[in-house]
Each structure stands twice: as C-alpha cells, then as structure tokens.
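> First the structure, which I've put down as structure tokens, then a few questions once you've had a look.
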Amino acid sequence: MALEDMEKKYRISDIARELQVSPQEVLLFVKQEGGRVASTSSMVGEEIHGLIFGHFSVEKKMVDETKKIRAEKEKRLSRLEEQSRKTYEKEQHLSETLSPPAPPLVVVHEPKKEVIVAAPIENIPEPPSKPLEIPVAETPASEEPDAPPAVTELIEQPVVIEQQPLAPVSDAPVPPVIIELPVPSEVPESQVLPESRVLPESQVLSESPLLPEPPVLSEPQEQQELPELPELPEIPALPEPAPKKEEPSVNEHLVSFDAPQMMGGLTVLGTLDMQAGRHKKNRKKNFQEQADALKDEFEPKPAEESRVEEKVVVAKKPPVKAAADVKPKPVVADSSSSAKKKGKKKKKPAVDDKVISANIQKTISGIDDRSSTGSRQKFRKMRRNEREREHEEDEAFREAQRLVVRVTEYASPHELAELMGITAKDIIQKCFALGKFVTINQRLDKESIELIALEFGFEAEFISEVEATAVIVTEDAEADMQTRPPVVTIMGHVDHGKTSLLDYIRNSKVVAGESGGITQHIGAYEVTVEGDRKITFLDTPGHEAFTAMRARGAQVTDIVILVVAADDSVMPQTIEAINHAKAAGVPIVVALNKIDKVEANPEKIKTQLSEAGVLVEEWGGVYQCQEISAKKGIGIAELMEKVLTEAEMRELRGNYSREVPASGIIVESELDKGKGVISTVLVQRGILKVGDPFVAGNTMGKVRALMDERGKRIPFANPSQPVRVLGFEDLPQSGDALTVMVTDREARDLAQKRQVIRREHDFRRSTRVKLDSIARQIKEGLMKELSVIIKADTDGSIQALADGLMKIQNEEVKVQIIHQGVGQITETDVLLAAASDAIIIGFRVRPNVNAKKLAEKEDLDVRFYSVIYHVLEDVEKALEGMLSPELHEESLGSLEIRQIFKVPKIGNVGGCYMLEGKMFRDSKVRLLRDGVQIYEGQLAALKRFKDDVKEVDAGYECGMSLKNYDDIKVGDIVEAYKIVEKKRKL
C-alpha cells in the first residue's frame, strides 16, 4: 500500500467539534491554506490537520483547560458520591446493631480464684471459626447455692486489668473493655465460686441486644452515667427468655451474688452513647473527617483485635475432667431467638437505592440542607476561588491592554517615548545598548520598535497613519438626530441590467455614456420618489475586476438591491455581491430583471439564490423579491416601495446639526484639467458647507464648491446626500474618510503628519522590495517582469486595473507596476517609461502633444484602451509570450540495420532499411537494441548508393553512420525525432 493510502484522514466537522469552533471557520481556513475541500464533511490529511491545530492553538489550549477542569470536577464529585454511599451504609449498619449500652464487664478477685464476666463478642467483625464452648455442670434446681457444682474454665493467663480502689472517676482515659471489681474481705466463702467461671451470654444479653465492643473514651464529660452503679448487681436476676436444661444451674449461681457484696469494689468508669457522639462529631467535622471518624469508630483497633483474639483463645481451652457429666454447650446455643430477631431487624432497614441516589444528587448539587457544614464550606470556598480566578483574569486582561502600545510602523524615539510614558533619553540609551545609533527624530523600523517595547515591558501593535491620527468624534445629541434618506447600492453581474434600472429610475441615459455599455465607475445619484421621499443610489461595476469598488459600495450602504437577469443564471459576481452584503450586515432586496423576455425563468433564479443562501419571502425566507423589467418599467414602483419599507424598518437617522463637524466617505475621485481634483463624497454625519477645511487620507483642502451629480452647484450637503467636492490639494484615494476640521492649520498639520509617515513607509518598502527581489533572483533564477505605467481618468479605475493586472502572474512572469496616476500622459511618464523599459497604458486618457512626440522619439509602446477587458487580455498575451515555451518530442521515422560494413578511417557503417517515416540528415537519433536505448546523438553520414542525401523515405535502403559511436550491430533500430516548442498558457 502506498504511503498516501496509509495516511490518516480527519473530517473537518470532527476537528471543529474537538476545537469547539465553527466548522465554517475551519473550512475557510483550510481553503485559504490551499486545501481542496468542498464542505465540512470533507476529509483532510495529517499536514492540514497540523496546520489547523497550529492556527487554532488558543482554542485548543482553552479546550484542554476545560477538559482538565471537568475531569477534576468529576473526580471530586465521584469522591463525594463514594463518601456519601459509605456514610449511608455505616448509618444503616449502626441502626441495625446500635442499642442502649450493655453493663460494663465485672471481674471479681480473691486470693486464688477470680470471676470474669466477659463482654459479648458475637458481633466482632472477625467471628471465630468455631462457636465458643463452655462446659457447665448440671445440678438440680433444689440444691442449695452454698455448695454448687464447679463450673470451671481453665485460664492459663487471665486477662485482668490492674486492681484499683473505689474512687471518684478521674479525668484520665481508661480502656472500658474490662472493668475491675475488688472483692471485699467479708464476703463468705459460700458466696464465692470455687473456681473462675464465665457467665453465659444468654444471661448477660437477655435484656439488651448485642453491641460491638465500644472504643476508648476520649472525652471525660461522657462519664456522667456513674449513678447507674447500684443497678449492676441486679444483672443475675434477669429473667431468661427461653431457658434450656443446663441453664437453671447457671442461673442459681448468678443469684448467689448479692448487691451489698458487690458494692464494695465496683468501679464504673463510664458509658458510651454512640448516638450522641456521632451527632457531636457531625457538628464539628466536615464531610471527609466525618467519614474517616465513622470508619475508625466501627472498625476495631489493632489493640482491641488482639485482646479479643486472646479472649477467644481462652474460651477454647478444654474443661477440667472433674465434672465428667457436663455437656459442652456453645455460647450462642441460646441465641436462636435472638438470631431470629436479628434476621427480622436486618430486613427492616434494608438499603434503598432510591435513597442513596437522592443523597448523591443532593451532595452533588450542594442543596442538601442536612449535609455537613464542611461540604457547604467547601462548596462556598470553591465558588469563591472561581470568582477570584475570574477577577484575576479580568485584571490580567486589563493590565495587558494597558501594556499594549498602538504605534505606526516608522515612529521616532520621541513619539514612542510619549506613548510608553518614558523619556526619549531612555529609548536612545536602550538603542545604544542594543547596538543601534539613533537620534531623537530618526525613524525606527518595525523590528526595532518591537524590540524596544519588549525591553520596557510593552507589546507593540502597529496601526496605519490614518488610525494613528484619527480625529476624536463626539457623541451625537438626540435632539440633532433626524430621519435620513436610505443609501441603496445596486449590485449584480455584468450586463444584468443594473445601470438600466437606475436609468429608468433617474430618467436618464447613464449607459449611453459608458464605454462598451458596461459601468466602469462607481456612481452616486440622489432620486426623489413618491413625492418628496429621497433615495441615494450607488451604481457599482459588475465586472470581476471591480471587486474593490463593490466592497466599498457595500460598506457605506444601508440596503442592497441585487439585480439578477431572469433569462440568465446566478453568476460568480452575483455570489460575490451577496457575500459583500452579508459581510457588511445590510439587508438584500432581490430584483429579477428582464422578466419581459420569453426565455425568462424566475423560479430557476430563486432556486439558485436559495442554494447561495438567499431565500426569498415567497419560499419562507426573509429576503424580499420583485420581478421587474428595467426597459419597460414593469415592477419598478413595487421595488421602490419595498426599498422604502426596508428603510423604515431600519429606522435610519442622521445628525443634521450645523455645529457638528461634517464627515463622509470618498466614493470616487478624478482629475479634471480645468477644475483640478474632483471627488464624489457621500456625507454621513453633519452638514458639509462651502468653505469648510477638511482632511481626507493623506491630503487636505478647503471646500471651494459643491455640485450634485448633474453638475449643479449647491450651498451645502446633508447626511446621505452624494456631492462632488472641489478643493483638494492632492488626489485622495477611494474609500478615505473625509473629516471637517476647525481651522486650516489643524487640517494641514494632520495631513503633513500622515504624509511623513507614508513617505517613510514607501521609501523603506521600496528599498526592501528591491533587496528582496535581488536575493530571490539570485536564488531562484531571473524572474521575467513586464513593467507598466498606468494612467487613467479616475482613481477607482486605477485600482481596478492594478488589481486585475496583479492577478495575471505565475512563478516565471508577473506584472510590475512602475507608476500609476490620474490624468493625461505627460512627458514625465514617457521619460520614466524609457528609463525603466516599461509600457504605458492609457485608460480613457490621451497624451499631450509633447509627450506623444517624445514617445515616438524614444520608440516606446503606448497603448490606449476604453474597456478594461481589452487591457487584461493584451497584458495576459504579452506575459504568455514571455514564458519559456514547452518542449515536445515529435517522431520522424525509424530504420533497421541489416548489415555492417567496415570502412577504413571511418569505422562501422550500417546498411539499413527504412521502416517508416523519413530520415533527415540533420535529425536527432537514438539507437535501440532489444528495445533498450544505447545511444542518443546525431547522424555522421546518410548515403544512398554512395551519394550523400538529405533525406530517405520509407521503403528505401540507405547507409548511415553515427557521430562518435561505432558499436552498431545487425538488428538495431535507429529512431529519428525532433524537438518542437509549444506556446505556454498562464
């Protein structure tokens, strides 16, 4: 399998989902990078995948951080869920086993014999493998208690805590597992058992259910249960729930202990209330500490486990043979009834999955009122940390914005110091330290500005000279705002009837004045409809070369009328106009033109528009549509009504105050021989009056005259009104903003500042381009260039020509625009063309008499055009002629060597037979042996019957020899061919 087949593919939509960005944004980026993709479902390779992740690195980082935070949150929630589940299980287990505390363990001492009452051990977590057996002697119930049969247990090392006198309870913690009870000296021997014995658990536990072994008490205040001491001796008199045969004897022995005899040495160290202790801990500890405390409380400690194991071992000792008739009885023999009760109790508090799920959900959501204080505090702390982190991020962003310096590309140290709030001396010293020797007014390049700003802790953001010197605009007062006419731009493909529609609306003949019947200028017109309502129309060119003009028209407009010919289809320029309108965020009104023609098909146009993202209202969309005929005037009134309705919905308003400085956009500019520079301006704010000083781009001026589109002089211009302005000192560029200043000096200073920055930028850029071009030509070989000088009637035409010519290029040839300007061709243009070996292109302009004579003298190529199509076609042909031709091989014929002749001083000569074609004396040949090329070169001689010939046709015999090659054999094939040059296309 090829490597390309093994390459992993990725779907664009999956990549966008992983980066959490729009699939359309990823698709647009892939197309910009040259990827051949059709939709978001297309697949891309590893290289494009890496480029996408490199471009969206910030989004990728945010996604990774989000995943990390989400993983930590899920881990924390799962831990809380586990703790909640364990806590619930512990509480259920506690409700099964917890009961009022059992009486403490009693140990009776005498000089040689001891009595040990062991605490119940049945519920210890590790149960014994065998039931504990205690031998008990059977005696009749009528026998006196002074001589009981011996119920003995062999105790090798009895577990007894050191004897203590009866005293007030001390504050020191005492293990409550075994409590000592000193025996008073006046106890009669009849009351003392002959040997130590263990009370059966059925007697001890008949009153209360079993309890787990209580832990060591650590709080002295829980020892307040001491008044229960006198009730302990009543334990032997407890009734039996279900006695058996051997139980009466044990009961009689228990009756022999009297209360007055046990009062002397009984010490009660305290009782443990598990329920109260748990509530207190819940109030003091947080969720995690509560879970740990419950775990320690219900699991036996290592010391207690060893002690329990020791008791179990003691209980398993075999009995003494003195009582042979004693039946071994397990300790839990009488626990059948209690076991039944336990079984019933276990069924009652069964674990409910619904309760557990509810507790888990409450814990996760943090709204459980019964949750521990620690969990609520933890939740509040988490929220507080999140707010602090967001606040820190906002502060960091604001701090970063404060550390950003907005500066032009070639700023002086003085200007840079003012922006950073330091002195110019500091910047000059830093430049010296970096090895750059500058003065206070010297211009710094882009790299130096970035490096200096970084040294002082700032980040440089470069802006244009217009942005750097932008005029601060005051906020409009509500009292000055009035309804203004809408600005409507007519867009569409070439020859679809845009200007014809405007002709019918204006009742004029604009098309008749355009070369070739196509619009090559952007025109602005004001039309009055329905009485006194006004609409400003902008007519844009539909040819592909005028993309910049259409973009400018969409930026200053309020509504776009999209004209589509009903007898044609949706063309590329139609799609481009839709994209311009959507990018500018303006509504679209569709006008289906040429509806009067027989071949008109409006439904097909609507279908194609819906595929382009424009769904008309008739089909459930939001875009209004009107079928019209610009020639016959069908549907024009309805179209204007829809335009005015759209304008009313947008509530267009403008500032009509005379006190506010006026501002507008330059739509088009041209150079008139008698009037000078004339620019078409669309006023956007305020009222433009005659005599106002203004600045527009890098030039300034003073309004000398205002004229409407028909050449009539007017005293002022209101918002949304197009007007032709006279009074510019230099030719402004289309799209520049015109701003009225207070005085002429302010306008001049601002324009000069912009001109200085622009001159420095142009000078540095031209020098750098020349050096780069030299390095590129050395590295890649000489690149052919076609140098041209463009002179046109308007600035918009120059921009369209320049954009169109710059697109006609490839890796070998390109167009180099030496100079471009507005106005007629002069002697200066001719001299520049002669010095740079360039071609002069005049678009709707002619040279003066002196320039024409000078061009003939210098033998320069000066071409004149009126239609932009012809300019682009001729330049493209010229560039194709400059391309290196493609070389193709053309076969002429072949012959077979059938005999070899050895000629002295010449070498081997082949006697050949011409198989096909022709063999020429000067042809290039190759020698083939068994289909393998052996030699490639030329013929040394070609003869027929010892006569030199120029060519031999097929079917004839001839003799031939090869130049500088003598190893020919019978059966070799000689092919003749020639190299043909073919013209290349761009």
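Our numbering is plain: 1 for the first residue shown, then up by one each step along the chain.
Backbone N, Cα and C atoms are what each Cβ position is placed from, and that goes for glycine too.
Take a look at what Swiss-Prot says about it:
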REGION    75-105  region 'Disordered'
REGION    127-148  region 'Disordered'
REGION    185-258  region 'Disordered'
REGION    277-394  region 'Disordered'
COMPBIAS  339-348  compositional bias 'Basic residues'
DOMAIN    483-653  domain 'tr-type G'
REGION    492-499  region 'G1'
BINDING   492-499, 539-543, 593-596  GTP binding site
REGION    517-521  region 'G2'
REGION    539-542  region 'G3'
REGION    593-596  region 'G4'
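How buried are these features, and what lies next to them?
In the three-state DSSP assignment, the secondary structure recorded for D495 (GTP binding site) is coil.
Note on the region 'G4' (593-596): its mean pLDDT in the predicted model is 88.
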> Run through the region 'G4' (593-596) and tell me, per DSSP, how many residues are helix, strand and coil.
0 helix, 1 strand, 3 coil
> Ten-angstrom check, please: count other Cβ atoms within 10 Å of the Cβ of I595 (GTP binding site), all chains counted.
20
> Which secondary structure state does DSSP assign to T540 (GTP binding site), in the simple three-class scheme?
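DSSP assigns T540 (GTP binding site) to coil.
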> So how many other Cβ atoms are close to K498 (GTP binding site), meaning within 10 Å of its Cβ?
30
